[in-house]
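Taken from Swiss-Prot, the feature active site, proton acceptor applies to 89. The active site, nucleophile feature in Swiss-Prot is assigned to 264. The substrate binding site annotation in Swiss-Prot covers 89, 90, 91, 92, 93, 143, 187, 214. Among the features that Swiss-Prot reports, Zn(2+) binding site is placed at 302, 304, 307, 333. As annotated by Swiss-Prot, region 'RNA binding' applies to 245-251, 269-273.
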């Protein structure tokens with residue numbers, strides 16, 4: 001992987017990730033394909049929304065279908081027939097979300113398989129081996145996603161262990177001869193001094209990109225913005241920056257304003273299946289009765305297949321009848337909305353008009369522009 005940085009506007013960056021499998025224009029949003037599929041979508045449909053890279057889930061793909069079946073096909077690209085690049089998370093967040101059924105030690109994490117209850121152990125070395133078999137174009141180190149709230153002492157211990165796991169991840173990645181990219185993950189909760197230590201330690205180890213982890217886990221938005229404002233200027237300018245598990249459209253906008261290049265989140269697909277649809281002026285809850293006889297498109301400014309062909313009334317009807325097509329059409333639209341938003345942000349950065357774009361984005365939704373505390 002090669003990262004090319006074209007231009008900046010304030011702290012926002014316009015560039016691209018270059019892989020053997022294709023080019024990803026940044027800032028970029030990555031749809032989430034947890035089990036080797038973006039739910040309800042064929043790879044061709046995902047590509048048609050404008051997505052150039054997707055995310056797969058190491059933890060879930062390890063449990064099902066498993067490494068051996070994956071290797072029978074070649075790798076995850078061959079298994080799911082996605083031709084572009086794939087980023088896989090390390091399994092750290094899924095382990096974090098298991099809560100009481102896992103035990104974290106210096107060696108790794110002991111937990112029970114959520115499918116059948118069998119005892120399982122996952123550590124940095126195993127995570128690197130699984131992601132190697134998946135053929136991931138971007139591999140994420142294995143870390144502990146520090147929960148929120150966490151006091152300073154716990155956050156420090158967690159961050160320091162994640163740094164040790166980062167070195168173990170780096171060593172195993174290299175010993176496998178993996179020629180793809182490996183990203184480090186910055187931890188430290190909402191504490192700036194701990195984030196500083198994490199950044200310094202990761203940069204000393206050396207990675208192809210740097211992710212900001214441990215955010216969007218329940219902390220106030222102001223804390224997320226503050227940590228991004230503090231961390232991003234410390235990161236190498238020639239490496240991509242990835243905000244993990246984020247988020248709502250406004251979170252993408254605010255991340256870009258603060259220097260983030262990559263995002264992923266289940267929100268557009270999960271919300272689509274629940275009839276919660278993103279449009280230029282905000283959000284449409286298609287289940288509401290007011291859409292029952294509305295013949296207008298979901299979003300007159302959207303060029304997706306759904307908006308070009310179907311009315312709000314039809315989408316409302318599909319939702320009320322619990323038809324599978326409704327979830328699919330909603331997903332097509334939400335993913336296209338996210339990709340159109342990213343394209344708009346990229347164009348605004350190119351033209352040096354990002355803050356004008358941001359102002360219009362919030363004005364259309366009747367909301368104030370969040371403060372930006374950067375030099």
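The count begins at 1 with the first shown residue.
Placed from the backbone N, Cα and C atoms, the Cβ positions cover glycine too.
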Check the DSSP secondary structure of residue 92 (substrate binding site), expressed as helix, strand or coil.
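In the DSSP reduction, residue 92 (substrate binding site) maps to helix.
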So what's the average pLDDT for the region 'RNA binding' (269-273)?
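Taking every residue in the region 'RNA binding' (269-273) and averaging pLDDT yields 99.
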What is the nearest of the recorded positions 89, 264, 302, 307, 333 to residue 187 (substrate binding site), using the Cα of each?
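If we rank 89, 264, 302, 307, 333 by Cα distance to residue 187 (substrate binding site), first place goes to 89.
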From the Cα of residue 304 (Zn(2+) binding site) across to the Cα of residue 92 (substrate binding site), what is the distance in angstrom?
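Cα-Cα distance, residue 92 (substrate binding site) to residue 304 (Zn(2+) binding site): 34 Å.
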About how far apart, in whole Å, are the alpha carbons (Cα) of residue 333 (Zn(2+) binding site) and the residue listed as 'active site, proton acceptor'?
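The residue listed as 'active site, proton acceptor' has its Cα 25 Å from the Cα of residue 333 (Zn(2+) binding site).
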Between the Cα atoms of residue 302 (Zn(2+) binding site) and residue 93 (substrate binding site), what distance do you get, rounded to the nearest Å?
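Cα-Cα, rounded: 33 Å.
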Taking only same-chain residues 6+ apart in sequence, whose CB is under 8 Å from that of residue 264 (active site, nucleophile), what do you get?
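Non-local contacts for residue 264 (active site, nucleophile): 29, 30, 31, 32, 55, 87, 242, 244, 245, 246.
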Looking at the recorded positions 89, 91, 93, 143, 214, whose Cα is closest in space to that of residue 307 (Zn(2+) binding site)?
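Comparing Cα positions, the candidate nearest residue 307 (Zn(2+) binding site) turns out to be 89.
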Please list, in sequence order, the residues in the chain of the residue listed as 'active site, proton acceptor' that are at least six apart in sequence and whose C-beta is under 8 Å away from its C-beta.
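The residue listed as 'active site, proton acceptor' has long-range Cβ partners 55, 56, 57, 58, 59, 140, 244.
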Select one residue from 90, 92, 214, 307, 333: among these binding-site residues, choose the one with the most other Cβ atoms within 10 Å of its Cβ.
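By the 10 Å Cβ neighbour count, 214 comes out on top.
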